[in-house]
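For 233, 234, 235, 287, 387, the entry in Swiss-Prot reads L-serine binding site, with the evidence type sequence analysis. According to Swiss-Prot, the feature ATP binding site maps to 264, 265, 266, 351, 352, 353, 354.
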């Protein structure tokens, strides 16, 4: 949620930010209109309350003086004022709900360093690491390799759950688990993150804090009986962990890592990446979240990206880092870097991590603040999030980049202590 004061004081700036995102800026005029009406209603209500209080004092005085007729007239006026005040209070509540809803629908303001563009074609490549492998044989896609070994099963997954699910057996199941443990070990032992075990079902309020609601409810799985949502990413419970709290500056930054399955309906992705494991309704991910201060959050974002890159470097998988343009930014993000791994089956780089600074966008929704060391004043924290990394896509990248002419796949050296085997199958 962006600051209503910013909209009041500099509406043209906010409108231009929305235009850069490809969003309709008309919502800002609607917000200003409702905000003005809401504030005028509050003023009128307070004036009537003041008049009613004055009447109460005068009634007591008049009765004491024996002027009962005048007192009765004021009592009647007080009753009329009470009815007006009640109606205004209802109007005030209704306007505040409308205002809050519209504010929740406004995306974050892009940072000045974000390239301006309409869509992903105008994202800017920042750097590359490694070179895509040149095969001296025709490489197979992961959706051919896994089933050929009998270790990746899409048909039984479909029988169990429908499309966009996968069953894995034996060495592939162990490789998935090895990747999770490897990533958690790197981030906790080398990068200083605190591992957190979080719920996979969260309240409506929680998932509103992190920005999925109210705008993207159709993308989420909802357990309607209890009004709990399956998390689309561990960012949700991690970023909302300190909602309603005041932290001390000396505690910051807080760096959290969590492994969870993630659940997404993918309602808007019909026809995209229909083969294999690239776009699933359920997938594993190791998530990184920082809670930090405004003055260092963009510096911290650079470190977060490097932490995610380390995983791919240790796995020796070629990748590139891309700065997303304004038109491709996520709803909550002020700045995002995507890390894209090379996949031979696509002959292209595909996203395996997305790292964002959402500034105080989530902190305002969740009332997450810290006390400044310098003057004791309270300020909203900044939150960062990033995949560290998507486990299923890492497995896919290993299968496709490490395959050998005989149809087997060599396990990356750093994973062998976790898997207990060097070759698949």
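Backbone N, Cα and C atoms are what each Cβ position is placed from, and that goes for glycine too.
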For residue 287 (L-serine binding site), the one of 264, 265, 351, 352 that lies nearest, given that the binding-site residues are compared by Cα: 352
Alpha-carbon spacing, residue 234 (L-serine binding site) to residue 264 (ATP binding site), which is rounded to whole Å: 12
Residues that sit under 8 angstroms from residue 352 (ATP binding site) by C-beta distance, when 6+ apart in the chain: 312, 319, 339, 340, 341, 387, 389, 390, 393, 394, 397
Euclidean distance between Cα atoms of residue 233 (L-serine binding site) and residue 265 (ATP binding site), Å: 12
Whole-number Å value of the largest CA-CA distance among 233, 234, 235, 287, 387, listed as L-serine-binding: 9
DSSP-derived class (H/G/I helix, E/B strand, else coil) of residue 351 (ATP binding site): strand
Distance in Å spanning the most remote Cα pair of 264, 265, 266, 351, 352, 353, 354, given for ATP: 19
Site of maximum Cβ density within 10 Å, from binding-site residues 287, 351: 287
Residues flanking the L-serine site, with Cβ no more than 8 Å from the Cβ centroid of 233, 234, 235, 287, 387 and excluding those residues themselves: 236, 238, 258, 260, 262, 285, 286, 288, 289, 385, 386
Residue 233 (L-serine binding site) and residue 351 (ATP binding site), Cα-Cα, nearest whole angstrom: 15
